[in-house]
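**Student:** Under the heading Zn(2+) 1 binding site, TrEMBL lists Cys3. The annotation Zn(2+) 2 binding site is assigned in TrEMBL to Cys4, Cys31, Cys35. As annotated by TrEMBL, Zn(2+) 3 binding site applies to Cys31, Cys37, Cys41. The Zn(2+) 4 binding site annotation in TrEMBL covers Cys135, Cys209, Cys211, Cys216. Residues annotated as domain 'Pre-SET' in TrEMBL: 1-49. Among the features that TrEMBL reports, domain 'SET' is placed at 52-175. Residues annotated as domain 'Post-SET' in TrEMBL: 205-221.
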Amino acid sequence: GGCCPGASHNRFAYNSAGQVRIRAGLPIYECNSRCRCGADCANRVVQHGIRYDLCIFRTADGRGWGVRTLQRIRSHSFVMEYVGEIITSEEAERRGQVYDRQGATYLFDLDYVEDVYTVDAAHYGNISHFVNHSCDPNLQVYNVFIENLDQRLPRIALFATRAIRAGEELTFDYNMHVDPVDAESSRMDSNFGRAGLGGSPRTRPRVECRCGAASCRKYLF
């Protein structure tokens, strides 16, 4: 019908309630300013921004600040976008060494097709800056394209993997790997935790994980 998924030969990503229905790893193409549909089109979700009441809180187990939802979130619903300053991978490596010495990093590689750019949410961003890691997260990363269709610059959207209770902390896996579904999905690999970390794995400092999940891997990376 002239909407973006059809024009780009990709599946329509959402159901009528705005819940994502494609598997993680597949790209989401939302309608944009060139589409004939209106603002209420079911293919306009991420572009409408955060729709849930969220708050920042201080964790009690030494993980610093965190984010929790103040209302119930439906499974597969869009929760927030990870935003920040877009920098080159070379600059991300330089900043990553500084952040590593400080014991914190907010770098997210945009490596959907190639590792050229990184999002740095250290100084510019939104509430996603405070979302903690978990080895058993309730948020899943998707690559989204709206106005900009450059595959090197996807927007990073976080969707609920399940129904989330009011008052529950929101988390995503900083070292997420998506199992290949097909040739398209195999290109997605978030590697939030390793962004900007140069050198070989043997020389990188190991960061202990404190997520407390039963399936905890003990180390972030």
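If you go along the chain as it appears here, the first residue is 1 and each next one adds 1.
Each residue, glycine too, has its Cβ placed from N, Cα and C.
Explain the structural surroundings of these features, please.
**Tutor:** Counting Cβ atoms from all protein chains shown, Cys31 (Zn(2+) 2 binding site) has 22 others lying within 10 Å of its own Cβ.
Residue density at Cys209 (Zn(2+) 4 binding site): 20 other Cβ atoms are found within 10 A of its Cβ, drawing on all protein chains shown.
Looking only at the domain 'Pre-SET' (1-49), the predicted model's pLDDT averages out at 85.
Per DSSP, the domain 'SET' (52-175) is made up of 18 helix, 47 strand, 59 coil.
Taking H, G and I as helix, E and B as strand and the rest as coil, DSSP gives the domain 'Post-SET' (205-221) the counts 0 helix, 2 strand, 15 coil.
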**Student:** For the domain 'Pre-SET' (1-49), DSSP counts of helix, strand and coil?
**Tutor:** 7 helix, 4 strand, 38 coil
**Student:** Is the domain 'Post-SET' (205-221) packed against any residues at least 6 beyond its ends, judged by a Cβ distance under 8 Å, and which are they?
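**Tutor:** Those are 61-63, 100, 132-136, 171, 174-175, 193-194, 197, in sequence order.
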**Student:** Around the C-beta of Cys35 (Zn(2+) 2 binding site), how many further C-beta atoms are within 10 angstroms, looking at every protein chain?
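**Tutor:** Its Cβ has 16 other Cβ atoms within 10 Å.
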**Student:** How far is it from Cys31 (Zn(2+) 2 binding site) to Cys37 (Zn(2+) 3 binding site), counting Cα to Cα, in Å?
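**Tutor:** Counting only the Cα atoms, the answer is 8 Å.
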**Student:** Measure the Cβ-based neighbour count of Cys216 (Zn(2+) 4 binding site), defined as the other Cβ atoms within 10 Å of its Cβ.
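**Tutor:** So the Cβ neighbour count for Cys216 (Zn(2+) 4 binding site) comes to 13.
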